[in-house]
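Visitor: Have a look at the structure that comes next, please.
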Amino acid sequence: MRIILFNKQFLIAKAGTSNMENEMVINKDNYNQKKELDPNYLLGDQEHIDKTTKVSWILVITTISTSLGCSIPAGYNTGVVNAPAEILKQWCNETIIQRYYVQFSPAQLDGLWSILVSVFLIGGIIGGVAGGKLANALGRKGTLQIIYLINLVSGILFFSSKSFALVELFFIARFLSGLSAGLTMAMVPMYLLELSPANKSGLFGVMFTVGLNFGVVLSQFLGLGNILGNESSWHYLFSLYGGLVLLALPTLKCIPESPKYLYTVRNEHSKALSELSNLRGMPISDISWELENLLVSSERWTLRKVINEPSSRKAIIITCIIMLGQQLSGINAVFYYSTSIFRNAGMSTAGAQYGNLGAGVINFIVTILSTTFIDNFGRKTLLLFSSTICVFMLTALMISMILSSIGTIPGISYLLIIFVIGYVLFYGFGLGPIPFFIGSELTDVGPRPIIMSAMSVANWSGNFLVGLTFPFVNLVLKQYSFLPFIVFTVFLIIFTWKVVPETKQSLGQQSTDTE
């Protein structure tokens, strides 16, 4: 019989890791005291401590539901504006002339379109700030219901904006979809990680990114001119994700509240055990150990408290820097450049669009593949590996662009395609998915919503910063425009190597086995 034992000091020191919540961890002194008081404590039988919980059908349905109602819409609305941009500009111009009898200049029209695009990011930042508060005030499930409702309303507004010829409706819909996406990033990775068995935490942490990337690819595909990215069908394109939300709504009846939230934040221990038993499909006596060592506190966690507490302060700094590093690693710039790179390689405009779509598909497929090995390697290891290869690919891409501008090497444009594909490929191994859930693994249930809110804000702020500055950087640096991204990614590698703990293996390394 083998029991993983931790002393009290280690439990306090490592309270910032979510693996501690799920792993079969027993405090030796506390266990012995309870055993003496109650011979039937944990059935008086330690065999179940060695058992690993399995993935239940409820957890599968919950994952599908959050993907359809939250993750896919968030990714969909992130990528949907690229292909039909010119068509939407023309619609805005015609609508304003028809309704307000005002003729916009090309510069004014570009400014209006920039506002319609960027209001999504502003909504994302606000949603990220609000996500933590809502997750604690309404619960994880209550916040999910809010996200589903916002997505449904925004989808209806997108569809109605063309019928009513109102740019204002489109503006509101963009803001609401951004608000929903910000709430989603703050809440869904945390929620799935709290529901998942310890040995599958990486798998369910990545599932959010799978849904997000699928949404981006789906919007790119449907946005092609011969599908929905045209003058007569763009309102269907922008509102289609509302149908996915409708599919997810009936599942809200059976998806659970987070047992860890109920246990630690709401202090509803009986309800938490009942919810956990239903989630795992096992008797309470066989799964109660999952909640035994969670830290319960009557104090409300605030941003000030998170910053003042050393372990949570470190967690929020690491989470935000890694997420900013992801956004500043150049992924959006690579996708921005990919269409022109494919055209320079001899592809037609339509072919370049399909090439860009292909790069998105590769990113999606790699993210799916990462679910098969994410729990076999440490998060830190994968981050370092992925970031290092991305630096190499970005450097090679920049050098190839410089050589291509000189025009001295024949066939250099095909190397550009290889480096774009290589960057997207290795980005999906670690740098893409891990920043979204590592914050949940670094901290306990109490401060987790605040830290995940900070992660979401960092994501949207980084996205906004790149979108705002990249056109200027591209204008000034030209073929050297990837240089800032290379520098930021090198910094991320050094930071990860020196500061980031290995959340996957830290418990196993610190535990002692007792016969």
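Note that the numbers count up from 1, one per residue, in the order the chain is shown.
Note that Cβ sites are derived from N, Cα and C of the backbone, with glycine treated the same way.
What TrEMBL says about a protein is an automatic prediction, not a curated fact.
Small disclaimer: the values here were computed from a predicted structure and weren't measured.
What TrEMBL records for 63-504 is domain 'Major facilitator superfamily (MFS) profile'. According to TrEMBL, the feature transmembrane segment maps to 55-76, 112-134, 146-165, 171-193, 202-222, 234-252, 315-337, 357-374, 381-406, 412-438, 450-470, 482-500.
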Visitor: With CB pairs under 8 Å as the measure, which of the listed stretches 55-76, 412-438, 482-500 comes out on top against the transmembrane segment (146-165)?
Guide: 55-76
Visitor: So which residues does the transmembrane segment (171-193) touch in its own chain, when a touch means Cβ under 8 Å and the partner is 6 or more beyond its ends?
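Guide: Answer is 18, 62-63, 66, 70-71, 73-74, 77-78, 115-117, 119-132, 134-135, 140, 143-144, 146-147, 150-151, 153-155, 157-158, 161, 201, 204-205, 207-208, 238, 258, 436-437, 439-441, 448-449, 452-453, 455-457, 459-460.
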Visitor: Below 8 angstroms Cβ to Cβ, which residues of this chain, lying six or more residues outside the transmembrane segment (381-406), approach it?
Guide: 322, 325, 329-330, 334, 344, 374, 412-413, 415-416, 419-420, 422-423, 426-432, 434, 478-483, 485-486, 489-490, 492-493, 496-497, 500, 502
Visitor: Can we call the transmembrane segment (482-500) and the transmembrane segment (112-134) in contact, meaning three or more C-beta pairs below 8 angstroms at a sequence separation of 6+?
Guide: no
Visitor: For the transmembrane segment (55-76) and the transmembrane segment (357-374), check the count of CB pairs under 8 Å (sequence separation 6 or more) and say whether it reaches 3 or more.
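Guide: The answer is no, given that the two segments have fewer than 3 Cβ pairs within the 8 Å cut-off.
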Visitor: Are there residues at least six beyond either end of the transmembrane segment (315-337) with Cβ under 8 Å to its Cβ atoms? List them, or say none.
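Guide: Result: 16, 306-307, 356, 359-360, 383, 387, 390, 394, 397, 420, 423-424, 427, 431-432, 434-436, 438-439, 442-443, 447, 450-452, 454-455, 457-459, 461-463, 465-467, 470, 481-482, 484-486, 488-489, 491-492, 495-496, 499-500.
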Visitor: Could you tell me the mean pLDDT the prediction assigns to the domain 'Major facilitator superfamily (MFS) profile' (63-504)?
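Guide: Per the prediction, mean pLDDT sits at 89 for the domain 'Major facilitator superfamily (MFS) profile' (63-504).
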